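> One structure is given below, represented as structure tokens, and several questions about it will come after.
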């Protein structure tokens with residue numbers, strides 16, 4: 001019994017109840033300095049964000065390497081303090097996840113998400129070294145940064161949403177321009193058709209009138225009107241009487257015939273003239289009827305075209321505004337989900353980890369308080385304290401200056417400022433945070449929803465549809481490029497004699513194109529909205 005009591009007292013004396021007993025003082029001071037540094041992280045991130053927005057007005061929220069260099073130079077002190085990166089090349093290489101030479105919206109937000117994750121790691125280290133006041137202050141600033149990140153991604157998302165709505169309106173305007181072009185050509189063809197039909201009718205009528213003139217000028221037409229039979233009988237009797245030398249009777253016949261011949265001549269002339277004029281007037285009346293019928297048919301054709309144009313115009317207006325509400329709904333839904341995600345997801349993950357740690361501490365406490373032998377309890381307690389100290393030492397390895405962690409086994413063997421393949425250790429630490437950390441919130445601003453999920457991921461019922469942004473992409477996929485952005489085939493630039501041709505679409509200026517569109521629009525609108 002005495003030996004057992006001696007063993008117990010020895011173990012009690014050897015036990016050290018402080019989690020900080022094996023940590024050097026300079027490590028604790030360095031963690032505290034890191035905590036004090038990251039307290040100002042929201043303001044520094046705000047300056048980086050403002051500098052990004054100052055430089056993206058040309059590239060439409062896409063940051064290429066040249067712009068990143070300007071941002072890095074303007075915010076060098078902030079980036080070096082928060083990310084421990086010394087040059088813009090490492091910065092760009094780390095956050096250009098898809099290696100496309102630009103930092104898109106998701107990659108820009110990733111910069112601040114990594115800073116937030118490093119803040120969380122520093123806050124965890126502060127909690128381990130029992131700096132509770134500084135830990136609370138840092139967690140307050142971390143939540144402020146979370147709210148700022150949610151606002152940042154919402155600004156970028158709203159910019160994309162406005163651009164998508166603008167593109168959708170441009171698609172509608174393109175359809176309207178196509179409509180105006182189509183019916184302007186239709187009316188031009190109708191005008192040409194009217195001119196051709198009128199010309200054809202005029203030619204045919206002139207030809208018909210010429211045939212009538214030729215027919216009426218012939219003698220056969222004049223012979224159709226003959227004098228009365230009485231005149232011929234009197235002329236015959238005059239000849240017979242004159243042969244018998246019956247002069248007095250012949251003079252009587254001549255006197256009577258003189259008046260009759262003149263009268264008959266006038267009558268025949270009038271009848272012939274009447275017949276000619278009657279045929280002329282009948283033909284002109286007939287031709288006038290033909291012209292009226294032609295104008296009626298042409299007018300009917302134009303009215304039918306106008307009716308069809310109005311129907312197509314009504315359908316087109318419905319098509320143009322058909323998906324406008326759907327696009328707004330999808331954008332609003334994605335924006336609200338992203339805001340909730342940015343504001344509450346990080347806190348929910350931290351509460352989950354906190355609950356797990358609380359349960360582990362309670363389980364450990366219950367295991368120690370079981371009525372077992374005191375020696376075994378002390379052995380288990382001593383082992384648990386040893387494990388806790390080792391975990392404390394490991395959990396604070398990440399905090400340090402560029403190229404030098406605060407405490408690790410490698411840091412004791414590796415000289416300060418050492419690099420691997422020209423990259424500092426902080427470079428690989430941040431890369432590890434990006435690839436392995438589950439606390440970084442994905443907002444899917446530009447990236448397709450679920451693009452980073454594993455192939456064996458099973459979607460649950462609440463996220464089976466994703467953010468439905470592919471619908472908007474389908475709606476906007478019909479957007480055409482401007483004529484000035486399209487290069488024509490080289491075969492269209494030369495004629496058969498290899499002489500350069502002037503292509504209207506290329507030679508026209510923007511002002512000329514706008515003027516032409518305005519004329520077409522005014523012409524079609526006059527047809528559409530007139531009240532006759």
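Cβ atoms are placed via backbone N, Cα and C, with glycine included.
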> Quick test of your reading of TrEMBL: among 107-134, 135-162, 163-190, where does it put coiled coil?
135-162
> Looking at 341-360, 361-380, 381-400, 401-420, which one does TrEMBL call region 'Disordered'?
401-420
> Can you break down the domain 'EF-hand' (83-118) into helix, strand and coil residue counts using DSSP?
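Once the DSSP states are binned, the domain 'EF-hand' (83-118) shows 23 helix, 2 strand, 11 coil.
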> Would you mind listing the long-range same-chain contacts of the coiled coil (135-162), meaning Cβ under 8 Å and 6+ residues beyond its ends?
35, 38-42, 45-46, 49, 61, 105, 108-109, 112-113, 115-116, 119-120, 122-123, 126-127, 331, 334-335, 338-339, 341-343, 346-347, 441, 443, 445-446
> Can you give the mean pLDDT for the domain 'EF-hand' (83-118), rounded to a whole number?
90
